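J.: Below, the features straight out of TrEMBL:
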- 2-8: disulfide bond (DISULFID)
- 323-352: disulfide bond (DISULFID)
- 402-424: disulfide bond (DISULFID)
- 609-752: domain 'TIR' (DOMAIN)
- 559-580: transmembrane segment (TRANSMEM)
C-alpha cells in the first residue's frame, strides 16, 4: 500500500487494528475509515520518521499512554470522528514537531482539568469539540502561544471560564460553533487582543447589556468578525451595532446565510448616540429577511455609513436603496449588489443624482435589468466610477449610442443576450468582457482597450487588430474558431496573452506550420498545449495541435498531384522517345509474335514447305540479289524456289507475320551479309527472328553469304549465336574473280540442297 515517497494508504480497508510490521521508512500513514478501536504501545513504535498519521473516522476509544512516544517528527495527527471520551496530555507529550491536530467529532465533554496541549510548542492549527462538548476551563490552552487556525465545535457549550482563551497570545483565524450568546460575549472579551478574524456559527444573539470591551485596554487586535447561520432580531442587531463600535480595531463585518426577523425598526437614536463606527467593509450574503418587502428604509442610519468603503449585499432580495440613504455613502468605493432583484425603474432611485459620490466599482450582475440604455444613463451619474459589472442581465438589445460615466475603464457585459456590439460601448474602456452573447463578429473601435474577453461566442476568426491596436490580452475560448494565421497573430503587436482554447481546430498544413515555427507562441497561448485539440482531419481528431505533424503528401496535395502527373507524362514521353529511337514497340510486337510462333510446331510439315530458302538482304544489295543470285539459282537445273520479300510477301499482312511465315515455309534462310545489311533495320529484324526461331532450335538452317568482307564484331552483340557461327563455321564469300564465282555457285547450291 506504499508508494515511492513512502505514503502508505490503508484507508477504507475494514481494518480492526493497526497492521504490524511498520518500518522507519514510512512518512505518511493513512488509516482513515476503518474499524480500529484501540491504539497500543507497540503499534507505531518503529515508525520514527512518520510525518502524517491519519486515523479519522474509526472507532478509537482507547489509546495507550506511550502510543505516540516515538513519533517526534510527526507534523499532522488526525483523530477526528472517533469515540474518545477523554483527552490525555500524555498522548501528546513527545510530539514536539506537531503542527496540525484534529480532535473534533469525538465524545469527550471537556478538555480535562489542565491543558492537553502544553508540550505542543509548534502547533499551528487545532480542531476540537463535538456536540457533547460543554465545558472550557482556565488552563485548557496553556502551552499554546500562536495559532494560525483554531476551530471549536461548541454548539452545546454551556460553561466557559473567563480567561480560558487568553493564554493564546495570537490567533489568525478562529471559528466557533456557538449558540449561547452569554458565552459569546465572554469569548469576545478574551480574544480582543489575540484573534485577528473571529468567525461565529449558529449564534442566536440576545440583547446584551454589558460592554464587550469592559476594562480591556487598547489597542485591540480583532479586525474581522463573521456571523454564519446566525439569527438576529431588530432589537439584537441594534444592540450589537452599538456594542461592536466599542471594538475600535474592527474593520470588517460579514453576515452569511443569516436570518433577520424584523422590519428594520432599529434603535437608530441609540446607534447614533454611540458614536462613529470604525467598520470599513460590510459583506452580507444570502441573508433571509422575513417579509423583506415590508422592510423599512433604515432612515436614521445615515450617520453610520459615511465612513464605509466597501459594501456587499448579495443574494438577499435587495430591490432598491432609498436615494436619501444612498447620498450618505460618501466614502464608499466598492458596491456589490449581485444576485438581487434590482430593476431599471428602482435603479433610477438607487443611483439618483449625487448618490454614491466616491464610488469606483459597482457590481449589478444577476439582477433583473432590461434596458442597457437606461442602465448606462443611471450609472453615468457616478462621476468616479471606473469598474462596472452588469453581466447576467437580460438586455436582449443594444442601442447605437449610450451615455456612460466619463472615467469608465472596465465593463462586463457577459451573458446579457446582446446580439451585437455597437458604438454604445464607450471608447474609454481598457477592459471589456462580452462573453456568452452568441456574437458572430467584433469590429468595434476601442483605441485604448487592453483586455478583451469574447469567450463562448460564435466567432469564426480572430477580431481585427486595427480597431483594437493596444490589446494585451485576448480571450476567444469556446468559439467556432478553426484556425488563425501568422498574419492575424502578428497583427496584434502588443499581445501578451491569447486564450483560444476549447475551439474545434482544423489542423491544416498552414496552421500547423505557423504553430510549430512561431517563436514564443507557447508563452502567449493560455492553456497550451492541453486545451488546443484538432477536430479535423479525421485521422488526427482529438490529438493536441502541437503534437500533430502532417506528411508532405497531405500538406502539398494540390502541388504534388500536378507534379506527379507531369512526372508520369515525362516518363511516358521518355519511354515513347526511347521506344521510337530503339524501335521498342517493334521489338515488343516481334517478341509477341515469336512467343506465338513458339507455340507452333518446331518445323512446318513437309507439305507446308514452299521454298528452298528465304532470302534476307539489304535493299542496297537488291541488284546483286535479284539480278545475279535469283537468276542463277531459279534458272538452275533443277531450279531453286526462293522467297523474296518484294515478290512473295502477302500484301496487307503484318510484316512480322510475313517474315515468320516465310522463314517457317522455307527449308533454309539465306543471309546476304554486307555493310548495308548490318546497317539495315529490316535486316536486323529478320536476323532477330532467325535468331529466335532457327538458332534457338540448334540446327543449321541458316546460310551466310558474305557479299563483301565484314568483321564479325560489326554484327550486333545481342545476336550472340550468329556471331559465334561466323567465328566457328565456314560461310560463303562472294569472290571478285569470275573464275572463282562458278565455285561459289556450286557451293551455295550444295548448301541449299543439304
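Positions of Cβ are set from backbone N, Cα and C atoms, glycine also.
Map the listed features onto the structure and describe their local environment.
T.: Residue 2 (disulfide bond) counts 15 other C-beta atoms within 10 Å of its own C-beta, drawing on all protein chains shown.
There are 16 other CB atoms within 10 A of the CB of residue 323 (disulfide bond), with all protein chains counted.
Using a 10 Å radius centred on the Cβ of residue 424 (disulfide bond) and all shown protein chains, the other Cβ atoms total 18.
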J.: Taking Cα atoms as reference points, which of the disulfide-bonded residues 2, 8, 352 is nearest to residue 402 (disulfide bond)?
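T.: If we rank 2, 8, 352 by Cα distance to residue 402 (disulfide bond), first place goes to 352.
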J.: Among the disulfide-bonded residues listed here (323, 352, 424), which has the Cα closest to the Cα of residue 2 (disulfide bond)?
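T.: Closest recorded candidate to residue 2 (disulfide bond) by Cα: 424.
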J.: Using the alpha carbons only, what distance in Å do you get between residue 424 (disulfide bond) and residue 323 (disulfide bond) once rounded?
T.: 27
J.: Looking at the domain 'TIR' (609-752) alone, can you tell me the average pLDDT?
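T.: Over the domain 'TIR' (609-752), the predicted model scores a mean pLDDT of 77.
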J.: In whole Å, how far is residue 8 (disulfide bond) from residue 352 (disulfide bond) when you measure between their Cα atoms?
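T.: Distance between the two Cα atoms comes out at 64 Å.
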